[in-house]
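Worksheet: one structure, shown below.
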Amino acid sequence: MSKETLILLYGGRSAEREVSVLSAESVMRAVNYSRFVVKTYFITKGGEFIKTQEFTDKPAEEEKLLTNDLAESYPKISPAAIYEKAAVVFPVLHGPMGEDGSIQGFLEILRLAYVGPNILSASSTMDKLLAKHVFEAVGVPQVPYVAAFADENQGEIAQEVVEKLEFPVFVKPANMGSSVGISKVDDLADLQPALSEAYKYDNRVVIEQGVDAREIECAVLGNNSDVSATLPGEVVKDVEFYDYNSKYIDNKIQMDIPAKVPADLAQKMQEYAIKAYKAVNGTGLSRCDFFVTKDGNVYLNEINAIPGFTQWSMYPLLWENMGLSYSDLIEKLVDLAKETFETRENHLL
């Protein structure tokens, strides 16, 4: 039997391209090579596509995915040249141009099956403001927040924050993930510098009420009505808040899987995770991040439609705890991608 082709897209234009490379390398090593041939394409910061490598067997430990200057020495190709009949694409891309619906729309134009969120679920979960409106509509609790826009009167924004929230607050670009551009603000004097930092990444910003809470996450997997969520896991931090460096560079986090929470609280988070996932028409996978306060209140922080996917990332570790190995998880995601593709093709008039 001939092998299936799995195409890995990695790199990308966003500030999170380094995370993408780490995730793609983990997938490259964990793939079931008795079923798949893996072809890899690097997307440069400028958005150009480069075919880098092809693997028919598990690569040696010292073999790495080509990136940056080395990858850019290879010839650039037309983005549409990645097309291969019956191939499945795994877009291991994070942030803008990766999990905001852009690459998903491109792959649908090419009529390729792909792992992960569809256009709607990617774009709606990537936009923190839009996601908040959706979650409010289905009754999933969230912390209080204020929306800010770069072209608005910043003094009026500050006044609204003072009236509606209490310090500390967290300032977040509306369209960015992996804690890029996020600042913790302890008093009014530090609000404007934090807004200026966030506006570097997006002209729309969310200012959220800080809460004294544990950060607990559930992994979600499935399509349509057949969706399941894991027992929650907890981020245990050695830093004040979970920023980009602590996540991916400084290794200052640990994870408790499963999280030490009462069974009824774990069930509540699983129910909220599935409700939020279905509300945004989730496909494939997502990670739902919650705040849990000392008095047992649960708040959905965000849905991450393409969560970090290294072998030490929370998402695959949560499923491993449920008995689904990293390699089997990849195969399940490919099967879900093919299912979504077939459904989409059958619905075209």
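Placement of Cβ uses the backbone N, Cα and C atoms for every residue, glycine included.
Note that the structure is predicted; figures quoted are calculated from it, not measured.
For 132-335, the entry in Swiss-Prot reads domain 'ATP-grasp', with the evidence type sequence analysis.
All protein chains considered, the CB of ARG204 (ATP binding site) has 19 other CB atoms within 10 Å. Following the DSSP three-state reduction, the secondary structure of ARG204 (ATP binding site) is strand. What Swiss-Prot records for 162-217 is ATP binding site, and it gives sequence analysis as the kind of evidence.
The feature Mg(2+) 1 binding site is assigned by Swiss-Prot to ASP289, GLU302. Note: ASP289 (Mg(2+) 1 binding site) has non-local neighbours GLU215, ILE216, GLU217, LEU300, ASN301, GLU302, ILE303, ASN304, i.e. same-chain residues 6+ apart with C-beta under 8 A of its own C-beta.
Other C-beta atoms found within 10 angstroms of the C-beta of ASN304 (Mg(2+) 2 binding site) number 23, with every protein chain shown included. Look at Swiss-Prot and you will find GLU302, ASN304 tagged as Mg(2+) 2 binding site, backed by sequence analysis.
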Residues satisfying Cβ distance under 8 Å from GLU197 (ATP binding site), sequence separation of at least 6:
VAL171, GLY181, SER183
Select one residue from VAL162, VAL169, VAL211: among these binding-site residues, choose the one with the most other Cβ atoms within 10 Å of its Cβ.
VAL169
For the binding-site residues ASP190, GLU302, which Cβ has the most other Cβ atoms within 10 Å, all shown protein chains included?
GLU302
Looking only at Cβ atoms, how many others are within 10 Å of the one on SER183 (ATP binding site)?
19
I want to verify one value. Collapsing DSSP to three states, which class is GLU302 (Mg(2+) 1 binding site)?
strand
